[in-house]
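Student: There's a structure below that I have some questions on.
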(Lines of atoms letter the chains of each structure in order from A and count residues from 1; the text may use other names and numbers.)
(Lines give C-alpha, C1' and ligand atoms only; values in the text may rest on other atoms or scores of the structure.)
Protein backbone atom coordinates (compact mmCIF):
# COMPACT_ATOMS: atom_id res chain seq x y z
CA UNK A 1 0.00 0.00 0.00
CA UNK A 2 1.19 3.46 -0.78
CA UNK A 3 2.43 5.51 2.18
CA UNK A 4 0.02 8.43 1.52
CA UNK A 5 -3.70 7.83 1.09
CA UNK A 6 -4.75 11.06 -0.70
CA UNK A 7 -2.32 13.03 -2.88
CA UNK A 8 -3.01 16.31 -4.69
CA UNK A 9 -0.77 16.74 -7.75
CA UNK A 10 0.39 20.04 -9.19
CA UNK A 11 1.61 20.60 -12.75
CA UNK A 12 5.21 20.12 -11.61
CA UNK A 13 4.49 16.49 -10.68
CA UNK A 14 3.35 15.69 -14.23
CA UNK A 15 6.16 17.68 -15.86
CA UNK A 16 8.78 15.84 -13.77
CA UNK A 17 7.13 12.48 -14.57
CA UNK A 18 6.65 11.61 -10.90
CA UNK A 19 5.55 8.05 -10.09
CA UNK A 20 2.36 9.13 -8.35
CA UNK A 21 1.03 5.56 -8.24
CA UNK A 22 3.88 4.74 -5.84
CA UNK A 23 3.46 7.93 -3.80
CA UNK A 24 -0.28 7.87 -3.14
CA UNK A 25 -3.32 5.67 -3.38
CA UNK A 26 -5.85 8.27 -4.56
CA UNK A 27 -4.51 10.97 -6.90
CA UNK A 28 -6.44 14.26 -7.16
CA UNK A 29 -6.01 17.36 -9.27
CA UNK A 30 -8.07 20.06 -10.97
CA UNK A 31 -8.78 20.44 -14.67
CA UNK A 32 -6.86 23.72 -14.90
CA UNK A 33 -3.62 21.87 -14.06
CA UNK A 34 -4.02 19.51 -17.01
CA UNK A 35 -5.08 22.37 -19.28
CA UNK A 36 -1.93 24.44 -18.64
CA UNK A 37 0.38 21.55 -19.68
CA UNK A 38 1.46 22.19 -23.27
CA UNK A 39 4.47 20.00 -24.10
CA UNK A 40 3.79 16.90 -26.17
CA UNK A 41 5.74 14.43 -24.04
CA UNK A 42 3.79 15.23 -20.88
CA UNK A 43 0.44 15.18 -22.67
CA UNK A 44 1.26 11.75 -24.09
CA UNK A 45 2.00 10.47 -20.61
CA UNK A 46 -1.28 11.95 -19.35
CA UNK A 47 -3.16 10.00 -22.03
CA UNK A 48 -1.89 6.63 -20.74
CA UNK A 49 -1.61 7.05 -16.97
CA UNK A 50 -1.18 3.80 -15.00
CA UNK A 51 -3.56 5.08 -12.30
CA UNK A 52 -6.91 6.79 -12.03
CA UNK A 53 -6.66 10.58 -11.95
CA UNK A 54 -9.58 12.12 -10.08
CA UNK A 55 -10.72 15.65 -10.86
CA UNK A 56 -12.24 17.56 -7.96
CA UNK A 57 -13.05 21.24 -7.61
CA UNK A 58 -12.46 22.93 -4.22
CA UNK A 59 -15.28 24.66 -2.38
CA UNK A 60 -15.38 28.49 -2.46
CA UNK A 61 -14.96 28.77 1.30
CA UNK A 62 -11.59 26.98 1.19
CA UNK A 63 -10.47 29.05 -1.79
CA UNK A 64 -11.26 32.19 0.18
CA UNK A 65 -9.45 30.86 3.26
CA UNK A 66 -6.29 29.94 1.34
CA UNK A 67 -6.32 33.29 -0.47
CA UNK A 68 -6.42 35.24 2.79
CA UNK A 69 -3.67 33.09 4.31
CA UNK A 70 -1.39 33.53 1.27
CA UNK A 71 -1.83 37.31 1.52
CA UNK A 72 -0.60 37.18 5.12
CA UNK A 73 2.47 35.15 4.19
CA UNK A 74 3.29 37.47 1.26
CA UNK A 75 3.10 34.74 -1.40
CA UNK A 76 -0.18 35.84 -2.95
CA UNK A 77 1.42 37.84 -5.83
CA UNK A 78 3.45 34.76 -6.81
CA UNK A 79 0.45 32.41 -6.89
CA UNK A 80 -1.80 31.96 -9.89
CA UNK A 81 -5.49 31.11 -9.78
CA UNK A 82 -4.62 27.47 -10.48
CA UNK A 83 -2.12 27.37 -7.61
CA UNK A 84 -4.68 28.74 -5.16
CA UNK A 85 -7.23 26.13 -6.23
CA UNK A 86 -4.67 23.34 -5.75
CA UNK A 87 -3.92 24.65 -2.26
CA UNK A 88 -7.63 24.90 -1.49
CA UNK A 89 -8.19 21.31 -2.66
CA UNK A 90 -5.41 20.10 -0.36
CA UNK A 91 -6.95 22.01 2.55
CA UNK A 92 -10.39 20.58 1.72
CA UNK A 93 -9.15 16.96 1.68
CA UNK A 94 -7.29 17.55 4.95
CA UNK A 95 -10.51 18.88 6.49
CA UNK A 96 -12.57 15.94 5.22
CA UNK A 97 -10.28 13.05 6.18
CA UNK A 98 -8.19 14.42 9.09
CA UNK A 99 -9.67 17.65 10.45
CA UNK A 100 -8.65 21.28 10.84
CA UNK A 101 -7.88 21.42 14.55
CA UNK A 102 -4.12 21.04 13.97
CA UNK A 103 -3.97 23.55 11.10
CA UNK A 104 -2.83 27.13 11.66
CA UNK A 105 -4.98 30.15 11.00
CA UNK A 106 -2.14 32.71 11.22
CA UNK A 107 1.42 32.43 9.87
CA UNK A 108 4.24 32.35 12.38
CA UNK A 109 6.59 35.27 12.88
CA UNK A 110 9.87 35.43 11.06
CA UNK A 111 13.00 34.35 12.93
CA UNK A 112 16.20 36.16 11.96
CA UNK A 113 19.68 34.67 11.92
CA UNK A 114 22.95 36.06 10.57
CA UNK A 115 25.54 34.40 8.38
CA UNK A 116 29.09 35.32 7.38
CA UNK A 117 28.68 33.83 3.91
CA UNK A 118 27.34 35.69 0.91
CA UNK A 119 23.66 34.84 0.25
CA UNK A 120 24.52 33.43 -3.18
CA UNK A 121 27.38 31.26 -1.89
CA UNK A 122 26.63 27.60 -2.75
CA UNK A 123 26.08 25.64 0.44
CA UNK A 124 26.09 22.22 -1.21
CA UNK A 125 28.30 21.35 -4.19
CA UNK A 126 26.86 18.60 -6.37
CA UNK A 127 28.91 15.43 -6.11
CA UNK A 128 30.53 16.28 -2.77
CA UNK A 129 29.40 15.93 0.81
CA UNK A 130 30.66 18.74 3.02
CA UNK A 131 29.60 18.07 6.62
CA UNK A 132 29.70 20.91 9.08
CA UNK A 133 32.73 20.69 11.38
CA UNK A 134 32.18 21.38 15.09
CA UNK A 135 34.25 24.16 16.63
CA UNK A 136 37.09 23.22 18.95
CA UNK A 137 37.04 24.53 22.53
CA UNK A 138 40.04 26.79 21.80
CA UNK A 139 38.19 28.48 18.94
CA UNK A 140 35.18 28.95 21.18
CA UNK A 141 37.35 30.68 23.80
CA UNK A 142 38.86 33.03 21.21
CA UNK A 143 35.46 34.58 20.50
CA UNK A 144 34.59 37.82 22.23
CA UNK A 145 31.35 37.17 24.14
CA UNK A 146 30.93 40.81 25.15
CA UNK A 147 30.76 42.00 21.54
CA UNK A 148 28.04 39.56 20.44
CA UNK A 149 24.77 41.41 19.74
CA UNK A 150 21.91 40.55 22.04
CA UNK A 151 19.31 41.27 19.38
CA UNK A 152 20.18 39.92 15.92
CA UNK A 153 17.34 41.76 14.19
CA UNK A 154 19.65 44.40 12.72
CA UNK A 155 22.89 42.42 12.86
CA UNK A 156 23.26 42.45 9.07
CA UNK A 157 23.58 46.24 9.14
CA UNK A 158 25.37 47.00 12.42
CA UNK A 159 27.78 44.05 12.66
CA UNK A 160 29.19 43.35 9.23
CA UNK A 161 32.54 42.11 10.53
CA UNK A 162 33.26 39.77 13.39
CA UNK A 163 34.98 41.34 16.44
CA UNK A 164 38.73 40.85 16.80
CA UNK A 165 39.73 38.02 19.17
CA UNK A 166 41.69 38.66 22.35
CA UNK A 167 45.44 37.96 22.12
CA UNK A 168 46.18 37.66 25.85
CA UNK A 169 45.73 33.91 25.81
CA UNK A 170 48.04 33.51 22.79
CA UNK A 171 50.78 35.63 24.41
CA UNK A 172 50.72 33.45 27.53
CA UNK A 173 51.08 30.31 25.40
CA UNK A 174 54.07 31.82 23.58
CA UNK A 175 55.83 32.61 26.87
CA UNK A 176 55.26 29.06 28.11
CA UNK A 177 56.55 27.55 24.85
CA UNK A 178 59.76 29.59 24.99
CA UNK A 179 60.61 28.28 28.44
CA UNK A 180 60.40 24.69 27.21
CA UNK A 181 63.10 22.92 25.21
CA UNK A 182 63.04 23.79 21.52
CA UNK A 183 63.33 20.69 19.24
CA UNK A 184 65.80 20.59 16.37
CA UNK A 185 64.92 21.65 12.83
CA UNK A 186 65.24 18.12 11.42
CA UNK A 187 62.73 16.76 13.93
CA UNK A 188 60.32 19.63 13.15
CA UNK A 189 60.52 19.00 9.39
CA UNK A 190 59.95 15.29 9.87
CA UNK A 191 56.94 15.88 12.12
CA UNK A 192 55.48 18.54 9.80
CA UNK A 193 55.84 16.29 6.78
CA UNK A 194 54.13 13.42 8.57
CA UNK A 195 51.27 15.67 9.69
CA UNK A 196 50.83 17.08 6.18
CA UNK A 197 50.59 13.60 4.70
CA UNK A 198 48.11 12.62 7.38
CA UNK A 199 45.96 15.70 6.74
CA UNK A 200 46.00 15.07 3.00
CA UNK A 201 44.83 11.51 3.48
CA UNK A 202 42.04 12.69 5.78
CA UNK A 203 40.94 15.39 3.32
CA UNK A 204 40.88 12.96 0.40
CA UNK A 205 38.41 10.65 2.10
CA UNK A 206 36.32 13.20 3.95
CA UNK A 207 34.13 14.62 1.18
CA UNK A 208 33.52 11.59 -1.03
CA UNK A 209 30.09 10.05 -1.55
CA UNK A 210 30.13 6.28 -1.09
CA UNK A 211 27.38 3.63 -1.25
CA UNK A 212 27.45 3.51 2.55
CA UNK A 213 26.51 7.16 3.13
CA UNK A 214 24.53 8.06 0.00
CA UNK A 215 21.09 7.65 1.61
CA UNK A 216 22.09 9.76 4.59
CA UNK A 217 23.54 12.46 2.33
CA UNK A 218 20.40 12.58 0.20
CA UNK A 219 18.25 13.12 3.27
CA UNK A 220 20.60 15.86 4.55
CA UNK A 221 20.70 17.71 1.22
CA UNK A 222 17.01 17.38 0.36
CA UNK A 223 15.73 17.88 3.92
CA UNK A 224 13.24 15.04 3.37
CA UNK A 225 11.86 12.12 5.37
CA UNK A 226 9.88 9.02 4.55
CA UNK A 227 6.19 9.92 5.05
CA UNK A 228 4.71 8.17 8.08
CA UNK A 229 1.10 8.48 9.23
CA UNK A 230 0.40 11.00 6.45
CA UNK A 231 -3.08 10.76 4.96
CA UNK A 232 -3.19 13.91 2.80
CA UNK A 233 -0.28 15.51 0.95
CA UNK A 234 0.45 17.79 -2.00
CA UNK A 235 3.14 17.14 -4.62
CA UNK A 236 4.45 20.47 -5.92
CA UNK A 237 7.74 22.03 -6.98
CA UNK A 238 6.68 25.66 -6.56
CA UNK A 239 8.33 27.41 -3.60
CA UNK A 240 5.43 29.78 -2.98
CA UNK A 241 3.02 26.85 -2.73
CA UNK A 242 5.40 24.91 -0.48
CA UNK A 243 5.75 27.96 1.75
CA UNK A 244 1.97 28.34 2.16
CA UNK A 245 1.43 24.62 2.75
CA UNK A 246 4.15 24.34 5.40
CA UNK A 247 3.01 27.46 7.24
CA UNK A 248 -0.58 26.19 7.28
CA UNK A 249 0.53 22.83 8.70
CA UNK A 250 -0.21 20.74 5.59
CA UNK A 251 2.12 18.05 4.27
CA UNK A 252 4.32 18.72 1.24
CA UNK A 253 5.70 15.84 -0.83
CA UNK A 254 8.66 15.94 -3.19
CA UNK A 255 8.63 14.45 -6.67
CA UNK A 256 10.30 11.29 -5.36
CA UNK A 257 7.60 10.82 -2.70
CA UNK A 258 9.65 12.01 0.27
CA UNK A 259 8.10 14.29 2.88
CA UNK A 260 9.64 17.77 2.75
CA UNK A 261 10.63 19.11 6.17
CA UNK A 262 12.13 22.41 5.04
CA UNK A 263 11.71 24.57 1.96
CA UNK A 264 14.84 26.53 1.12
CA UNK A 265 14.87 29.29 -1.45
CA UNK A 266 15.47 33.02 -1.87
CA UNK A 267 13.29 36.07 -1.38
CA UNK A 268 13.78 39.80 -1.84
CA UNK A 269 13.96 42.00 1.25
CA UNK A 270 13.89 45.78 1.21
CA UNK A 271 16.64 47.22 3.42
CA UNK A 272 14.73 50.51 3.53
CA UNK A 273 11.34 49.45 4.92
CA UNK A 274 12.23 45.79 5.80
CA UNK A 275 9.34 44.32 3.77
CA UNK A 276 9.79 41.02 1.95
CA UNK A 277 8.45 39.59 -1.30
CA UNK A 278 8.84 36.22 -3.01
CA UNK A 279 8.46 37.72 -6.49
CA UNK A 280 12.05 37.59 -7.69
CA UNK A 281 11.25 39.56 -10.85
CA UNK A 282 10.62 42.80 -8.96
CA UNK A 283 13.13 45.65 -9.15
CA UNK A 284 11.41 48.22 -6.91
CA UNK A 285 9.89 47.62 -3.48
CA UNK A 286 6.11 47.30 -3.60
CA UNK A 287 5.73 48.98 -0.17
CA UNK A 288 8.07 51.99 -0.23
CA UNK A 289 8.77 52.14 -3.98
CA UNK A 290 12.56 52.40 -3.68
CA UNK A 291 15.15 50.35 -5.53
CA UNK A 292 16.41 48.78 -2.30
CA UNK A 293 15.58 45.08 -2.75
CA UNK A 294 18.30 42.59 -1.80
CA UNK A 295 18.32 38.82 -2.15
CA UNK A 296 18.03 36.94 1.17
CA UNK A 297 18.14 33.17 1.64
CA UNK A 298 15.22 31.77 3.63
CA UNK A 299 14.36 28.39 5.12
CA UNK A 300 10.81 27.24 5.85
CA UNK A 301 10.80 24.43 8.42
CA UNK A 302 8.16 21.74 8.80
CA UNK A 303 6.38 23.66 11.57
CA UNK A 304 5.87 26.63 9.23
CA UNK A 305 8.52 28.92 10.74
CA UNK A 306 10.25 31.14 8.18
CA UNK A 307 13.96 31.73 8.94
CA UNK A 308 15.74 34.54 7.12
CA UNK A 309 19.53 34.17 6.89
CA UNK A 310 21.23 37.55 6.62
CA UNK A 311 24.78 38.01 5.44
CA UNK A 312 27.48 39.94 7.28
CA UNK A 313 29.42 40.33 4.05
CA UNK A 314 29.84 44.09 3.40
CA UNK A 315 29.57 43.50 -0.35
CA UNK A 316 25.86 42.77 0.03
CA UNK A 317 25.08 46.37 1.02
CA UNK A 318 27.55 48.32 -1.09
CA UNK A 319 27.31 52.11 -1.58
CA UNK A 320 26.83 51.82 -5.34
CA UNK A 321 24.67 54.61 -6.64
CA UNK A 322 26.08 57.38 -4.47
CA UNK A 323 29.10 58.43 -6.53
CA UNK A 324 27.73 60.28 -9.56
CA UNK A 325 24.86 62.72 -9.61
CA UNK A 326 21.84 61.88 -11.73
CA UNK A 327 21.15 63.89 -14.90
CA UNK A 328 18.64 66.70 -14.73
CA UNK A 329 15.14 65.48 -15.63
CA UNK A 330 14.07 66.55 -19.09
CA UNK A 331 10.53 67.30 -20.19
CA UNK A 332 8.84 67.35 -23.53
CA UNK A 333 7.61 64.93 -26.12
CA UNK A 334 10.94 63.16 -26.68
CA UNK A 335 12.41 63.29 -23.18
CA UNK A 336 14.65 60.41 -22.13
CA UNK A 337 15.28 59.94 -18.40
CA UNK A 338 16.66 57.05 -16.31
CA UNK A 339 14.14 54.65 -14.77
CA UNK A 340 14.12 55.47 -11.03
CA UNK A 341 10.63 54.47 -9.81
CA UNK A 342 8.20 51.75 -10.78
CA UNK A 343 5.30 54.09 -11.61
CA UNK A 344 7.46 56.58 -13.52
CA UNK A 345 5.77 57.81 -16.70
CA UNK A 346 7.64 57.91 -19.98
CA UNK A 347 6.66 59.56 -23.28
CA UNK A 348 5.36 57.33 -26.02
CA UNK A 349 8.22 58.19 -28.40
CA UNK A 350 6.12 57.81 -31.53
CA UNK A 351 7.51 57.78 -35.02
CA UNK A 352 6.77 60.64 -37.40
CA UNK A 353 3.92 60.37 -39.88
CA UNK A 354 6.31 60.00 -42.80
CA UNK A 355 8.17 57.16 -41.06
CA UNK A 356 4.91 55.36 -40.23
CA UNK A 357 3.86 55.43 -43.89
CA UNK A 358 6.82 53.21 -44.76
CA UNK A 359 5.40 50.31 -42.71
CA UNK A 360 1.68 50.88 -43.34
CA UNK A 361 0.95 48.84 -46.47
CA UNK A 362 -2.71 49.95 -46.51
CA UNK A 363 -1.87 53.66 -46.77
CA UNK A 364 -2.94 55.24 -50.11
CA UNK A 365 0.52 56.76 -50.64
CA UNK A 366 2.44 53.57 -49.73
CA UNK A 367 5.59 53.08 -51.79
CA UNK A 368 7.56 49.88 -51.65
CA UNK A 369 11.06 50.07 -50.24
CA UNK A 370 12.65 48.86 -53.47
CA UNK A 371 11.20 51.79 -55.41
CA UNK A 372 13.63 54.60 -56.36
CA UNK A 373 10.96 57.15 -55.36
CA UNK A 374 10.73 56.02 -51.71
CA UNK A 375 11.30 58.74 -49.10
CA UNK A 376 13.34 58.25 -45.93
CA UNK A 377 12.62 60.36 -42.87
CA UNK A 378 15.93 61.89 -41.78
CA UNK A 379 14.95 65.41 -40.70
CA UNK A 380 12.22 64.93 -38.08
CA UNK A 381 12.84 65.06 -34.35
CA UNK A 382 12.16 61.34 -33.91
CA UNK A 383 14.65 60.47 -36.66
CA UNK A 384 17.45 62.55 -35.13
CA UNK A 385 16.83 60.90 -31.72
CA UNK A 386 16.89 57.43 -33.33
CA UNK A 387 13.35 56.61 -32.21
CA UNK A 388 12.26 53.22 -33.51
CA UNK A 389 8.88 51.55 -33.85
CA UNK A 390 7.18 50.62 -30.57
CA UNK A 391 6.92 46.99 -31.69
CA UNK A 392 10.70 46.83 -31.98
CA UNK A 393 11.37 48.72 -28.75
CA UNK A 394 11.38 52.35 -27.69
CA UNK A 395 14.12 54.84 -28.39
CA UNK A 396 17.53 55.01 -26.77
CA UNK A 397 17.20 56.02 -23.11
CA UNK A 398 19.82 57.61 -20.92
CA UNK A 399 21.08 55.16 -18.37
CA UNK A 400 21.78 55.68 -14.71
CA UNK A 401 25.46 56.68 -14.41
CA UNK A 402 25.71 54.68 -11.17
CA UNK A 403 24.62 51.41 -12.78
CA UNK A 404 27.23 48.73 -13.39
CA UNK A 405 28.51 48.25 -16.91
CA UNK A 406 30.37 45.49 -18.67
CA UNK A 407 34.10 45.98 -18.80
CA UNK A 408 36.33 45.60 -21.85
CA UNK A 409 33.56 46.50 -24.30
CA UNK A 410 34.43 48.76 -27.22
CA UNK A 411 32.36 51.91 -27.39
CA UNK A 412 30.78 52.92 -30.66
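Placed from the backbone N, Cα and C atoms, the Cβ positions cover glycine too.
Keep in mind the model is a prediction, meaning the values are calculated, not measured.
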Student: Suppose you had to name the range Swiss-Prot annotates as region 'Disordered'; which of 46-78, 79-111, 178-210 would you pick?
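Tutor: That would be 178-210, the stretch labelled region 'Disordered' in Swiss-Prot.
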Student: Given the ranges 121-147, 148-174, which one is assigned the annotation region 'Disordered' in Swiss-Prot?
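Tutor: Checked against Swiss-Prot: region 'Disordered' maps to 121-147.
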Student: Reported as an integer number of Å, what is the Cα distance between residue 325 (phosphoserine) and residue 270 (Zn(2+) binding site)?
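Tutor: Here the two Cα atoms lie 23 Å apart.
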Student: Other residues with Cβ within 8 Å of the Cβ centroid of 270, 273, 285, 288 at the Zn(2+) site?
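Tutor: Counting only non-site residues, the set is 272, 274, 275, 286, 287, 289, 290, 292, 293.
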Student: Name the residues of the same chain, 6+ apart in sequence, whose Cβ is under 8 Å from the Cβ of residue 285 (Zn(2+) binding site)?
Tutor: 270, 272, 273, 275, 277, 291, 292, 293
Student: Just name the winner among 270, 273, 288 (the binding-site residues) by count of other CB atoms within 10 A of its CB.
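Tutor: Answer by Cβ density within 10 Å: 270.
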Student: Across all the protein chains here, work out how many other Cβ atoms are within 10 Å of the Cβ of residue 325 (phosphoserine).
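Tutor: Within a 10 Å radius of the Cβ of residue 325 (phosphoserine) lie 8 other Cβ atoms.
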Student: Tell me, by DSSP, whether residue 288 (Zn(2+) binding site) is helix, strand or coil?
Tutor: coil
